[in-house]
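These notes concern the structure reproduced below.
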């Protein structure tokens, strides 16, 4: 007996059949392949750039750009450096993305809720909106707003006017610009104090409620503090704010804030398009909260509004947040379509004009891609933090 | 949710009662209904007039468009350009043949129980691209050669979308397998590749393909613009495809992997025969959704100077011979895209519902 068992010692696997050896070999081959591919690319690129007389390195960022940009959030002159064009483009991208995210979220939540309305007309109208807008390419919608709508507005002399303060024409939308006079700092200080005290109040109210069960009307008191303090400071310092009102001089308006049509078209199109996706996300999020939750909340005696705020929305948010994050990321990436209508965003200014003028393709493209990668990682990081905070706490 | 399998029969509801239940159930709903209804009625009449009653449908020249309504004559006259671009007119039968075969291989996929549906689908993924590679550029078998800069319009849009999706599928599957691999190096490469491509906008990819690809290649090797765009779109799309396929791989229960291993199947046999057939079936709706997104995104190629259907329309609405036909042009393109994307999304929703009844763990 013992003889026979000792004879069947398991045969040692041949090295090429040993999974560990194989996986090691595969990985080494993969590293070698990627390194070889990368080295070939770098080698080819360097050779090609030398053949075309393109210098390498980031020295070009210091050179004078020599082209104008129609819109800039920071002071910019044509004599400024290429490095500055990068920041101008980046800020413009962030501006339109930020505006778009806010508008798309508001509109998307409204339409998503309207889609579930008990009013047949409203529900069907929201459905029609969603199905039409999200099945039409975004670029086409941007073109529509820019070339078909905003370009066909009246000329500056026949502007649509609102109270002599707001003007709308084919050169843009003009509104009064506030100018802070000395003493406005006090108002800002008052606002900061108000915000700090509201936060303190919330913490105190929550503690008190947990200790005693008494509910403090936090919302109303917060609102009162936020409004009264700055207003009082504003009046006490003698209203230190001036407005420059846009005026028609020559062929165009001067003064005030101008929203150029490129920005307006991009903003409207991005918001409307993304809102249609957000609406579907919101709808499925709300539907995912089972009916028993609502009924249980009502049985506990919570009113309709409180049921929504304390029971339905927090649970729906768990389902809504992950896809909402990817919609925000999409919006930021889609804002690069600006280049098709000439809004000076990062891609249009830096990857367009700067790249064409300097020919430094590798550096410019790498910087642009790095920006989008950073924004992407940042938004997903923040949303993941939030998601972790609202996720189901399983014990 | 536990729902009874048979819902109670619906009682017939009188129109008045229906309106009271669905339109006027509360005072604010009544107000909303009245306000929205008023807006709808007042905007519908001018819209109908513009689209149909006052519109010009036929004629000879731009001067025939005199009415207040839409100038559909413009679309009518330029339709050939919008569909074929600069493709020579006597060679357009080749494109028409491809359109016909494309429809023949993929439309039956929407129809339950169509004869030889599977074979048509397989043809659409294998024979069709080979035939297209021979027929569309020409230059062999005695066909006149048509260089790619003469391609344009709807046909170019379909070429971009088709190649983008079917070239990205195998790469995406490999990437998804790599991302689920136990080898840290392979997994790392795949994660970096997928995340980088997914983070950058398609425009930068297209720019890169048109500006940087020539720099990457050895001296003397160069592709034409269309091929460069196709390479860029394929790589970009493969990252999205990988994520869709990964979702399917994750949905396959562990027992399937273990059973396949217990049967003594190696990695590729396990994946190819057991896991992927189940995973890919699960993710068909996801693939269709990515396809819809890609189909809409193909319009971006006009930025690097290719004339897809939007590019073709955009270049003609600025033609000074026609006055203000931008809206008509855009409505036409929007309609083309909408019909296609809406149909596809309905299909994927139906499929999702159908697949949902299957086994779940």
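Any Cβ shown, glycine's included, is placed from N, Cα and C.
According to TrEMBL, the protein carries these features:
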| type | residues | note |
| --- | --- | --- |
| TRANSMEM | B:27-53 | transmembrane segment |
| TRANSMEM | B:93-111 | transmembrane segment |
| TRANSMEM | B:118-136 | transmembrane segment |
| DOMAIN | B:154-343 | domain 'ABC transmembrane type-1' |
| TRANSMEM | B:156-177 | transmembrane segment |
| TRANSMEM | B:189-217 | transmembrane segment |
| TRANSMEM | B:271-292 | transmembrane segment |
| TRANSMEM | B:299-317 | transmembrane segment |
| TRANSMEM | B:329-347 | transmembrane segment |
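With respect to Cβ pairs under 8 Å, the transmembrane segment (B:189-217) is most closely packed against B:156-177, considering the stretches B:27-53, B:93-111, B:156-177, B:271-292, B:329-347. Note on the transmembrane segment (B:299-317): residues 74, 78, 81-83, 85-86, 151-154, 156-157, 160, 202-203, 206-207, 209-210, 225-226, 229, 325-326, 329-330, 332-333, 336 of its chain, located 6 or more positions outside it, place their CB under 8 angstroms from a CB of the stretch. Outside the transmembrane segment (B:156-177), and at least 6 residues removed from its termini, the chain residues within Cβ reach (under 8 Å) are 85, 99, 102, 125, 129, 132, 136, 190, 193-194, 226, 229-230, 233-235, 237-246, 249, 271, 276, 280, 287, 290-291, 294-295, 298-299, 301, 306-309.
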